[in-house]
């Protein structure tokens, strides 16, 4: 390359002195930069070391010592000085040193020195390398063409690339080397596009499109795992295989039955029967837009609609809503990012994690255990520290998954965290979905390899060593009265099959799950998901929440149809009064049992106490959270023990102990005062003695003496 350093020389100059050479007093001692020699003006970094020079020679002169002759037997050589001389490159030689007047008139480094020139990049009449045209008709001399331009070798001019190219070989559309922000480089055609074609894998980190392997019609996760197949082929696992027969456009070939089957009703064409296996959508239907092989009515958060392809394409990783995939086209930001209106981009939030209060719109701080959250409590987490913690389904961040679950990474458009996923049915301990280390023998499961299999087939249960069929309407069951799953028309409520969920429950995945206690009917677990309210609460249409009819510290009693006080240490509660939501200091709330407990003074947890964080926040630590070894409660244990022992004594003994402690305190105070007085008297006596010793001494100012004479003088 023309910009590599052509040569770096280190000159080490030495001078040799004769045996019994000149002393330093005889030699002229001068130091300074080299003033002559070949080249004479090379730029250098010079240094010198101790040695003997001939008269008139400087220590910095490479010729120093030459006049002393060559060293003979018994002679010695010493390093007198060294110099680092840098000769630049062929195109950028380092100029010899010149006078200040010469430097002021020197040409700009990119100007052609053989032509008239100035000392700026726009004052050249000709360029050493390339010229970049400017809008005012002038040009600028540059060493390399800037981004968005390419060098035209005929006249050494930097010409603009295609509008989508960030760098290029020429002005054509298919000569891009990199793309401008908001575009992806199709690596084998060198074209920049807003989105990758269907038969390419989109690499969002490198912003490029990689062609899928030859038998794939599309690939989403990487270039060698097929998502859809070309005509005449069908998807088998992750590969496209020749189909036994050709299917209609609205059908796909099923290898399990070796027949053509209908696509999902949302899909126009597909590669399987699921709704997420669409290849294209009917633009006249209710679901005209294709988003990751699913036909949708509108794009989800984190996606935008491409008018050219009618597809929902991904926004930049930081954007929650956007107009393109560029990082400067954000309309709103994901959790953990702040919106910059000047650049339309999202920047990483600096500071503690926060959530937006739905009532006030304020930014409030999350609980200290969360990295992202939806509220202030320790069970309001939606993301945890990805290195040391995992997220439970109840919203807690803990150090490990409970038995019967395993850790798995969860990544969505808004969050990235580790979650606990239940092990397969019949497995008590596992590391993933296909690796079980212990089976539930009580429920009739046995281990084969690394998986658990039921002793009885699906639809039966084990009773007295025999497999008995489940009773209708149970599809699977644990016994004759407890269902695990129900037939298509019914839903599971606790362990029974019902047609409709009762009040206080909501339907999810054909199961009736319990609403929040303040909700009569709901659509989810949270208190923000209420549709109607329980007794003692009224629904606020503006806040979309159930608000209590009782003042703080009270709850609505269903038995008395009125407000009653919460139990002790409970600042806020629900029916019954022991269902606490907030505790008074120094009690802490166990969010699982909704009880107010004191903080344990040791690492042993009991029914009356719980482990607390090092700084009190009103909540107990989750049982799967390791308490800090630097807890502030350590010093309270001995104090609490002494206080407990003292309270067990009768009044007479308590009085004696208090009087004894008071008497000891007085004695200690008297001793302390006596020690202070003695120290003060001792100090005063020494000061007086020192003063008397020098009363008859006469002090004389000495003049004309140096330090050695003064030290040898006896007064």
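Backbone N, Cα and C atoms are what each Cβ position is placed from, and that goes for glycine too.
Note that the structure is a prediction, hence the values are computed from the model and not measured.
Among the ranges 634-655, 656-677, the one that TrEMBL lists as transmembrane segment is 656-677. Long-range contacts of the domain 'EGF-like' (314-347) within the same chain, counting only residues at least 6 positions beyond its ends with a Cβ under 8 Å from a Cβ of the stretch, are 181-182, 184, 194-195, 202, 204, 301-304, 353, 355, 371-372, 382-383, 413-415.
Proximity of distant same-chain residues to the domain 'EGF-like' (262-296), defined by a Cβ-Cβ separation under 8 Å and at least 6 residues beyond the stretch ends, is recorded for 217-218, 220, 227-229, 234-235, 249-252, 254, 303, 305, 309-312.
Across the domain 'EGF-like' (314-347), the prediction's mean pLDDT works out to 85.
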